[in-house]
Amino acid sequence: MSSPTDFDRDSVRIHAPSRNNRAPIDESFFEAECNHRTTNNENFFESEENRRTTTNESFFKAEGSGAGGKRPVYRTFSENTSTHPDFPISRVFTDADPFVISSEKSSSKGKYPKEEIFNEETPLIPNNGSGGRRPDEHVSWKRETQDIGRDTLPLILAALLECSLSTASIIAVGRLGTNELGAASVASMLANFTGYMIYYGLTSALDILCVREFDNGMHHLVSVHFQRMLYLLLIVTVPIIVLWSFAEQILPRILSDKEVAILAGRYLRIIAWGTPGFALFESGKRYIQAQGLYSASPYVLGICAPVNALLNWILVWKCGLGFVGAPIALTITDWLLPLTLFSYVYFGSHDDCWDGFTRRALKNWGPMMRIAIVNVAAVESESLVYGVTTLASSYIGTQALAAQTVLVTVTNIIWQVPYSLSVSTRARVSNLLVLGLGDAAWKACKVATSVAFGVGSLYLILLSLLRYPIAKILSRESEVIELVAQVMPLCATAHFVECLVLGVSGILCGISKQSEAGYLQTGMFAVVALPLEFGLAFGLGWSVWGLWIGALSGFCAILAAQCLFLYQTSWEKVVQQASESLSADSS
C-alpha cells in the first residue's frame, strides 16, 4: 500500500478541462495539489495519534484511581491458555515495552502477586537453580486436596455404579440359596480375572497416552490412541468369548462342588455375549475422561445401573427365570452401556478429539502395548489374590465359600474408592510434571498419600463396626453370617494397607514408573501372598483366616517395596525427565 504522501497524477488529471476544450498544462497546478494533500494527511495522522494517546492515558489513570490508585486493571488470560509448559501463568499486556507477566496464584487480602519483568534478553526457561521450577510456585494443601477431590469424586461414583452391576446379580441370586450365591461369586471372580480385569488393564494405558497428548494439544493423537485400543480390545475379546462359552464343561473338572461348577459355567456362558459391549464402553469411558470430562461415566452409569437392578428383579424373581435371569440382565446392561455413552457424547457435542477413522491406528502399537501389558499384569496379580482365595475356599467347604463370597463382594465394592483416587493421582501428578511444576507435583503426592491413609482408616472403622449388618445383607445363613463377622476385622486391616498401596501406585504411574510399579506388585503377590495363603489355609488348617492373613502379608510387602523404591528415586531427575519427554513429544 502507498504511503499518505505518495501522489497519483492520474487522480489529479480528472480535474483538468475536458478533451474538447483542452488548455495548456500548468505544472504549478500539480505541485500545489500535491502539497495540499500531503499537508492534510500529515495533520490528520498527527491529530489521530494525539487523540489515541490522550484517550489511553486517561483510561489507565481512571482505572488506576478506580482501583484505589494502586495499579491499573489489565486483561489477563487464564493459565490454560499458556503456550509454554514452563509458564502456565497469566499474561498482562500494556502498550509499553517490556511487558509484565504476573503469576495467577496471587494471594488475597489486597496483596498483588510478585511481578517479573521480561525483555528480549530473558531466557525462555528460567535459570533459578531449581530444575526450571519457579521460586513463587506454591500450592496449599487445601487447594491440592480440593483439586484431587474434584477429579476423584466422579470417578468414585462411576466406579461404584459400575461395580453395582455385578453386585446386583450376586444379591439377586444370593437369596435363592447357598449354592447359587457361591456359583455367582465364582463366576464373577472368574469373569473379573479372565475378562474384565484384562479390559481394565489394557484401557488404563489410555489414562497415560491420551491424557499426555491432550495436555500437549495433540488432540488428533488422542483419537488415534483410542482407535488402536478399540482394535486391540476386539482382538482380545475373541478368546474370552470362546473360553467362557466352554466354561460349563471346564469348571466341573476344577471345582470340587459339581453343582456350583455347573451353575458358574452357565453364568459365564451367558455373559460372554456382553463382553464386546463392555469393551466398547470401557475404552470409550477412558477416551472421554482423557479430555477432562469425568462426569460422562456417572451420567451413563446412573441410567444403566438402575435399569440393571430392575432387570435382575424382573428376570430372577418376577418372570421366574431364577439363577439364569441374573446373567441375562448383566448381558443386556453390557450392551446398553456403550449405546448410552455414545448418545451422551454425540448429542451433547462433548467430544473435541475425534478426527475420523484412520489407517494410522493400525500401526505403531509398541508404546501402547508396553504400557498395557504392565498394567494388565498389575491388576491381574491383585485380582488373582482374591480369585485364588475364592477358588481355594471351595475346597474348604460350602460355608467357607459363601463367607468368602461375602467378603470378596464387599472387597470389590470398597476397592473402587482407592482405585479411583489412584487414577486421579496419576493424572494429576503427570499433568503437573508436564507443566514443569515439580514442587506442586510433590505436594500432590503427599496429599494423595494422606487421603489414601484417611480412606483406609475409615474402612477399618466402618467394616469392623458394621460387620454383622453387612453379612446379613448378602446371606441368610446364620453360620455364614457368624464366620463373616469374625473375619471382617482382618479383611478391613488388609483393605487399609491396600488403600496405601493403591495411593503409592498412582504416584509411581504419575512419574512414569508404571513398569516398576507393575513388577513390584506382581512379584510380591507371587512370592509372598500366594504361598502364604495356601500354606496357612491348608498347611496349618487356618481356613478363611489363613487366606486373608496371606493377602494382608502380600499388601504389606508391596507397600514396603514401593516406599523403598520411592525413597531411592531422585525427584529432580523425575522433573527433568518429564521436561525432556515433553520436548521430545513437541519435536
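Glycine too: its Cβ is placed from the backbone N, Cα and C atoms.
Feature annotations, courtesy of TrEMBL:
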type	residues	note
COMPBIAS	1-13	compositional bias 'Basic and acidic residues'
REGION	1-26	region 'Disordered'
TRANSMEM	152-174	transmembrane segment
TRANSMEM	186-209	transmembrane segment
TRANSMEM	230-247	transmembrane segment
TRANSMEM	267-284	transmembrane segment
TRANSMEM	296-315	transmembrane segment
TRANSMEM	321-347	transmembrane segment
TRANSMEM	444-466	transmembrane segment
TRANSMEM	486-511	transmembrane segment
TRANSMEM	523-542	transmembrane segment
TRANSMEM	548-567	transmembrane segment
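The stretch in closest packing with the transmembrane segment (486-511), judged by the count of Cβ pairs under 8 Å and taken from 321-347, 444-466, 523-542, is 444-466. Under 8 Å from some Cβ of the transmembrane segment (444-466) lie the Cβ atoms of residues 139, 141, 144-145, 147-149, 410, 414, 417-418, 421, 425, 428-429, 432, 488-489, 491-493, 495-500, 502-504, 506-507, 510, all in the same chain and six or more residues away from its ends. When each of 186-209, 267-284, 296-315, 321-347, 523-542 is checked for Cβ pairs under 8 Å to the transmembrane segment (152-174), 296-315 comes out on top.
Counting same-chain residues at least six beyond the ends of the transmembrane segment (523-542), those with a Cβ under 8 angstroms from any Cβ of the stretch are 381-382, 384-385, 388-389, 392, 395-396, 549-551, 553-555, 557-558, 561.
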